[in-house]
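Pulled from TrEMBL, these are the features on record:
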{"type": "ACT_SITE", "residues": "C111", "note": "active site, acyl-thioester intermediate"}
{"type": "ACT_SITE", "residues": "H225", "note": "active site, proton acceptor"}
{"type": "DOMAIN", "residues": "1-102", "note": "domain 'Semialdehyde dehydrogenase NAD-binding'"}
Amino acid sequence: CAQALTERRHPADKVRLLASKRSHGKQLEYAGQMLTVKEATPESFDGVDVALISASSEVSLALAPEAVKRGVLVIDDGSAYRMEPSVPLIVPEVNGEDVEWQSGIISIPNCTTTPLVMALAALRQRAKISSVTVSTYQSVTGTGAAARAELLAQSRDMLNGQELSPPTQYPHRIAFNLLPQVDDFVDDDYTKEELKMLNESRKILGDPGLRLAATCVRVPVEISHCESVSVEFDRPMSVDVAREALAEFPGIMLMDRPGESVYPMPSNSADEDEVMVGRVRRDLAHENGIILWLAADNLRKGAALNALQIMDECVKRDCVRPRVAAAV
């Protein structure tokens, strides 16, 4: 998030870096200057205009209300407030106008939901969506830095013929493997991640009856989540119309030249802001279906970039003037 703030040239003297007590005193470079991380307390938000919180639900639930009491607009990247009816869940390209009914807290969707709803929002401009089936291929940074380190360590050990240490981040090794489990299993043997995609998509798109089934898979990739998406419509839609709708939608880059092996991948979507979409084709299993493939950097559009775009949307709609920003 600090990197994304830097790219937007937010002045260093107007940024506060907050974290747990364990990180208090640590220094991080920001816009050519060294900033000191402070322990996040309720008083840390005095004089702050916008708080960007990317922490555990426990931290968000403890600090966000305290920030709001001090007149701060909170943009929360965790799951604590996503399904709260009084909290808007925002992807600016899809439902940016919803920032206008916030009462102090705005939530950011899961990093797999964001690119999906952008593609669905583009397509439903041409025809009503009847159902969606999606499979995700999620990078390890969706879990965090420790998972990335574990992937690299396991990969080195396997390539060197060394014995692997027991995995700590996942139930099985992730190196040279695929795990058809992201988060814990809950209702009907779906995982929490899969149900997040269903419920968050319904809320963002304003379609509580949306039929959506997801299968979420963790893959041995450092950055970028990919998704295979099958969309069924209430009437026929040609591939050309689908491509046109996707290409015209803000924040989407159509990368769809299969004859030249041009399509989205983790290697060409990492460190990019756009949601990349390709492999658009007719769904042979459904009469009125389209299949597509997408890739998006889960650390940028899936998280930090979306938070800052929400802040931009709030400024545009005169909801806030971000003079001092706190990143937690």
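Heads up, the Cβ atoms here are built off N, Cα and C, so glycines get one too.
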Inset, instruction - Measuring CB to CB from C111 (active site, acyl-thioester intermediate), give everything in the same chain under 8 Å that is also at least six residues away in sequence. - result: Q138, G142, H225, A296, N298, G302, A303
Inset, instruction - Let me know how many other Cβ atoms fall within 10 Å of the Cβ of H225 (active site, proton acceptor). - result: 31
